[in-house]
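Listed in TrEMBL for this protein:
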type	residues	note
REPEAT	323-355	repeat 'ANK'
REPEAT	353-385	repeat 'ANK'
REPEAT	388-415	repeat 'ANK'
REPEAT	443-475	repeat 'ANK'
REPEAT	473-505	repeat 'ANK'
REPEAT	533-565	repeat 'ANK'
REPEAT	563-595	repeat 'ANK'
REPEAT	593-625	repeat 'ANK'
REPEAT	623-655	repeat 'ANK'
Amino acid sequence: MNKLTGYQTISKIFILSQNPEVRFVSREFYEISTLDPVRADFLLHKFGKVNAITIKNKNFIPYPNIFKKQEFVLNVLKKGATPDTESAHLLFQVSVEREWENIVEYLLNLFREATWKDFRLAIISGRPRLGYSQQHIFVSIDTPIEQTKFYVPVVNNTNYDYFNKFDRKVFSNPITYIDMGFKKSFGKAVSKGNANIVKLLLNAHKILPKLELNDPHTKIATHHKVIMDSLKLDKLCDMFEKCGFELLELFYKYEPELSYINGSIFSEFCKRGNMKFVKFMTENKMGLERNRHYSRVYDEILERDSGNIFNLPRHHETFFSIDNGIALKNAIENGQIDILKYIVEKGTDINAANQECLIIACEKGQIDILKYLIEKGADVHAASKGCLNSVIENGQIDILKYLIEKGADVHAVDDYYLGIACAKDHLSLVEYLFKNGANIRTDNDYALRWASSKGHINFVKYLIENGADVHAYDNNSLKKACENGHLNIFKYLIEKGADIHAENDYSFRIACAKDHLSLVECLVKNGANIRTDNDYALRWASSKGHINFVKYLIENGADVHAYDNNALKQCCWAGNLEVVKYLIEKGADIHAENDYSLRISCLKGHLSLIEYLVKNGANIRADSDYALRWASSKGYINFVKYLVENGADVHANNDEALRVAHENGNLDLVNYLKSIVTYKANNVKSKK
């Protein structure tokens, strides 16, 4: 057997066997099985032309490993594989994802003979987006002739779903694997930056099938144009920069589909500072991208200029009138002053998005751009509020000076900006605003109040020295200083005459509430009423467990009995044993309000407090053994035991403790209480 004959024989045996395990028979069989042409013939013979390439969930079956290379898949196709409609579409999408350019091109050139119904659907479904009415579409298609042959692309980007809305009786349900208008595939190709596949898809609508006969009765439905919905603008422009102007020009022949891109190509190049592309697009009138909101303007331009965007006159007044707001903002935001100057010179309306442009320049600290915009006629008065807010927030005094020189209103929003400058600690800005007429006392001395709350002592001094009122808003500056613990500001305000007793000694009360002991001491030394509001300070300090405050207040005259011994009740509620001990040592009444302190300690589960209170004479049986009944209802068995051992009556309120334990299913507690009842009963009998 010569070598060629042997090869052919082994190949034929392997192919006809339809069993891949045959490759293990011998080395020769194994070597033959690794050759792509043999593998292709094997698949075609085993599965047939339709099933040789089968895809489910974007995976090749049943032999995924041999389909990893583009060359092999293309070999199978060229040997005659004709995958079913679903597999063909999935193969196309997989090829785009894997960047198999040759297979994409091959599939785009495949057409199949179709019925009149499928042909009509393929023609109609792509047109509604172009503005045709449904009735117009039907009239514009010729009536079919019996001898007519109809051809449609194998990889069909038909909008089945759209057409089904109009005629569900005639056509089947939508086919979910159809990539309408190559929307998904095109987006994927753009994201991957594959210019070759992008070009193939853009030109797909020009492809015609290669038919043997030029039959006048042959009707061909070509691919529809690509749909550009939701393209990633950054990826798109990356690709343009990589591939040059040719691809960009090809895109712009696709109007009006460009209107569906999320963003502006021209503005993106302005943002990037790519002068080469900005100039190219300007010179070719490519900056006139239609936005859905401006479609009427765009259509009028195209109608007047014969629909060719490349032939628009250079002096066209509407150029940039649609996109310019975005282009201006992108150039400014990224500091592209050369781009900004260029597009303005070429006709961009400097007042488009006027306020935003000036505000962005201020936010970015772009003083050169700001000056250029104002010199070109941007209205600084219209944007005073936003511009001043931005520069004062960021402490940009050079820009602030320039804006005020150009007429920005420092009194806008009732001199609110003075308060912002104080809050941001920009003393130089405060001084400048004040020198330029800002009202230092606006909004009830808002600036002084804000500076006091933030602890800006230098601002506080500056403001008061220049006329701010320490008494404004019922001495609010002093209250704010005390609330935030600013002792230095407190002392300065007191020196300047602030009223320490304002609002029932609020400053003292808030200093206690915020745990500012040094301030509390200073307030007392300066005459604050330590007993204001029924000894509020002592009650608050007790509730928070601030033992140092409690001691300081009592040593300086606070009354432990105030508000029916409320300080003791508050610290029992909070569970602070140290404060409880101190208050009782100082004479607090443990029995106040029917032993409330003991009852609330039980309620909160503070066992150590209960023990201490009982040892110090609390009535364990107060309010019909409330403590025992409550502890039992909560299932606190240790509390119950302690209370019973110290005299609580298990029979109180008709055995409520036992009943509630039983209702709650607390078996351990039930057994304990029953044992106590039994024990007491036995004691009674033994005594008798």
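Note that Cβ sites are derived from N, Cα and C of the backbone, with glycine treated the same way.
For the repeat 'ANK' (473-505), the list of distant contacts is 444-445, 448-449, 452-455, 457, 460-461, 464, 511, 514, 516, 518-519, 522-523, 526-529, 532-533: same-chain residues at least six beyond its ends, Cβ to Cβ under 8 Å.
Cβ atoms under 8 Å from those of the repeat 'ANK' (533-565) belong to residues 504-505, 508-509, 512-513, 515, 517, 520-521, 524, 571, 573-574, 576, 578-579, 582-583, 586-589, 592-593, 597 of the same chain, restricted to positions at least 6 beyond its ends. Residues of the repeat 'ANK' (473-505) grouped by DSSP class, helix first, strand second and coil last, total 24 helix, 0 strand, 9 coil. Restricting the average to the repeat 'ANK' (388-415) gives a pLDDT of 82. Secondary structure counts, DSSP: the repeat 'ANK' (593-625) has 25 helix, 0 strand, 8 coil. Note on the repeat 'ANK' (353-385): DSSP counts are 21 helix, 0 strand, 12 coil.
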